[in-house]
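Per TrEMBL, the feature coiled coil maps to 137-164. What TrEMBL lists as disulfide bond is Cys185-Cys194, Cys228-Cys237, Cys433-Cys443, Cys454-Cys463, Cys492-Cys501. Per TrEMBL, the feature domain 'EGF-like' maps to 159-195, 197-238, 376-423, 429-464, 466-502. What TrEMBL records for 508-623, 627-690 is domain 'CUB'. The signal peptide annotation in TrEMBL covers 1-19.
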Amino acid sequence: MSSTNVWFTLLLYFGLAFAWMDERPVLEAQDGNLIISSAKDRNITLKVLGNGYINVNEINLLHVALAAQNATRLMERLRAGYLVQVDNNLARLINLVEGPTGLQRRIAMLEGTGGNSSRSPNRRLPYSTDNLTRNSIRRTNERIRRLEETVREIENKLKENACQNNPCGNGGTCQDLYEGYQCLCPSSWEGPNCMTDVNECARYLGTDLGCQNGATCFNLPGSYRCDCQAGWYGLHCTKKDSVCSRENSQELCGHGICIPKPGVVTGYICLCDQGWETDGRNPACTRDVDECAAKHPPCSVNPPVTCFNAPGTFFCGACPRGYTGNGYYCTDIDECLEDNGGCSTSPRVQCINTMGSRVCGPCPSGYHGDGVSCIYVGPCRINNGGCHPLATCIENPALTSSYVQCRCPAGYQGDGLGPNGCQPATEISNNSCVNHPCVHGTCVSTYHGFLCRCDPGYTGTTCNTQIDPCSPNPCKNNGVCIVTGGAVTCNCSTSYTGSRCETQRQTCGGVSRNPIGHLEFPIGGTTYQHGLSCAWVLVTNYSQILNVTFTNFNLEDSTDCKFDFLQIHDGRNAGNHMIGRFCGNALPNKNGNIVSSHNALYFWFHSDSTVAHEGFALHWNTIDPICGGIFEEDYGTITSPGYPGRYPPNRDCYWYISVREGKRVQLHFGQLMLEEHTTCKYDYVEVRIY
């Protein structure tokens, strides 16, 4: 039998709904604008049933109205309470200082500048009057102090954000008030923190929102259920039939739409809106999905961000300090990019960025401090640089930061080094310097001969020994000392950095932008350390993707990988879709191969404080992305690249569906979240019939 193929092309698409002009009141569309007009002198009223809301761009208008009402109440409380008290105190204070009998006038009279002009300015006031003045000033100062404390208390209370930790549960909206907060609860919850379930069966009894026509009401956490008598259907048992139509859809399915389906008891099924599901007993979408309890948390996991469930949705808390983002994903702030991360800049100390923070390196030689602030002390400040107590210690940083010269005072001779470096001179020989005994220095005649003051870089009795600035080696951690032009530099090993190789390199984590490469941790075949939290980001060309192959993998094994693990995300940070969390000695993703949907992959390695193994090794290369395909089966699923994560930019994907003759194609969209635009010219999905 011959077959006929029906072809479809799917691209990324939005549809627009149009309304036509009707008798007033009017609902019309003009050039993409939706216009709602009432009849003259008539109202426009919006009503919702059950737990519904009136939203404008995802903003709940009921919450906005309550927030405005609470703000008005707050202002009234301030006007009638603390602000009135502040105004009264200020008025009393002004009168006390500037009034007819105020402090200014009293002082002026006492000083002879007011009242009695004939009073001598040098006349001493009686003790009682002077004492009275001091008491008045003291009382005034005390009143001012109390007033300042009251103002500071008001300012501190106004600055407090009682909603910072979101004390409102079950999707409640927190409203910050002057002294505390107020929770705006959904209709199914109540109490100070929206933690008390509303008994809708009792509250709605006898109303249109309650169970009708002899139905039995069962109160549920955050909701309720009506078990209908035979012959009645719907959420509230108000329908005499279960015919799926536009008029019956909301009553039959709640937070979903009904689709006729012969063969089932009800004659229809419900496609639930995102964030809602059925209770397993009835087809209606009445139970909230707790997205926060999902296997893959929707909010950032590195760093961890609190997820708050709400009816039909969820939201994420704020990123912790040291990170930036919206809570769904958080990116580490590189504190070292601004003002050296708060580390010392004079002298400059190395700033090492860490996840959520930064670490300042040690102060350079000759300085003392914690890296945030470094105070120069110099080698001569410690035990006189090793010179004789009477000698003068002279620093010479041109050679090394630790090199000093010791010079004995007049009347003493010697090299100045150590406790015996300077000895009293008894006789001066004027001929001791005739033969210029100082090879690289200046000769000074002494009582018993001569003393050589060596040039920089030389030492010895006659300044004939060149100083080796690399002895002792100023470079730490096996760094190689090199002298160039009289200055010392250190050639550090791969594990250390800094002017003297004093800072260990941060090998745990990093960013690679190479199209191909190899990653091994730890390096050298050793076991990894305890208590690590490392993040690597692999980034390739913007229009390509990554192909990763693991060659070795051995981490501590555990249920749900809760001890040591390597977690991989399809994107640049932990907020992107999580591909998986892996542990044990089996290669990730069964065969060790992972292909990204975006041009980046994020690897997060975590180890606890107990068992350690050899870690992992992988290599990667860059490939061109492929999406789309041909489907000839009776049923199937099509998802955008990266689903359930975000789809990547600059992709054109084509799927073709072919069915047998006599069959037709029925598409059910479970989710559609694309960039919105009036003409859908950017991101869209398009369906064509061939």
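For all residues, glycine too, the Cβ spot is worked out from N, Cα and C.
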According to DSSP, how is the domain 'CUB' (508-623) divided among helix, strand and coil residues?
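Reading the DSSP string over the domain 'CUB' (508-623) gives 3 helix, 54 strand, 59 coil.
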Just give me the nearest neighbour of Cys185 (disulfide bond) among the disulfide-bonded residues Cys228, Cys443, Cys463, Cα to Cα.
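Out of the listed candidates, the nearest Cα belongs to Cys228.
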Provide the three-state DSSP residue tally for the domain 'EGF-like' (159-195): helix first, then strand, then coil.
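So the domain 'EGF-like' (159-195) is made up of 1 helix, 12 strand, 24 coil.
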Distance check, please: Cα of Cys433 (disulfide bond) against Cα of Cys492 (disulfide bond), rounded to an integer number of angstrom.
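It is 46 Å, counting Cα to Cα.
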Taking only the Cα atoms, work out how far Cys237 (disulfide bond) lies from Cys443 (disulfide bond), in Å, as a whole number.
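For Cys237 (disulfide bond) versus Cys443 (disulfide bond), the Cα atoms are 115 Å apart.
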Sort Cys492 (disulfide bond) into helix, strand or coil using the DSSP assignment.
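Reduced to three states, the DSSP call for Cys492 (disulfide bond) is coil.
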Per-residue pLDDT averaged over the domain 'EGF-like' (376-423) comes to what?
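Averaged over the domain 'EGF-like' (376-423), per-residue pLDDT gives 80.
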Please report the number of other Cβ atoms within 10 Å of the Cβ of Cys463 (disulfide bond).
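Looking across every protein chain shown, the total is 20.
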Between the Cα atoms of Cys492 (disulfide bond) and Cys194 (disulfide bond), what distance do you get, rounded to the nearest Å?
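Cα of Cys492 (disulfide bond) to Cα of Cys194 (disulfide bond) measures 60 Å after rounding.
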Measuring Cα to Cα, how many Å separate Cys443 (disulfide bond) from Cys454 (disulfide bond)?
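Here the two Cα atoms are 9 Å apart.
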Taking DSSP three-state, what's Cys443 (disulfide bond) in: helix, strand or coil?
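Where Cys443 (disulfide bond) sits, the three-state DSSP reduction gives strand.
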Give the number of CB atoms, excluding that of Cys185 (disulfide bond) itself, located within 10 Å of its CB.
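The Cβ of Cys185 (disulfide bond) has 22 Cβ neighbours within 10 Å.
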With DSSP, how much of the domain 'EGF-like' (197-238) is helix, how much strand and how much coil, in residues?
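Its residues divide into 4 helix, 12 strand, 26 coil.
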Measuring Cα to Cα, how many angstrom lie between Cys454 (disulfide bond) and Cys501 (disulfide bond)?
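Roughly 31 Å, rounded to the nearest whole number.
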Find the one among the disulfide-bonded residues Cys228, Cys463, Cys501 whose C-alpha lies closest to that of Cys194 (disulfide bond).
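So, of the listed disulfide-bonded residues, the one sitting closest to Cys194 (disulfide bond) is Cys228.
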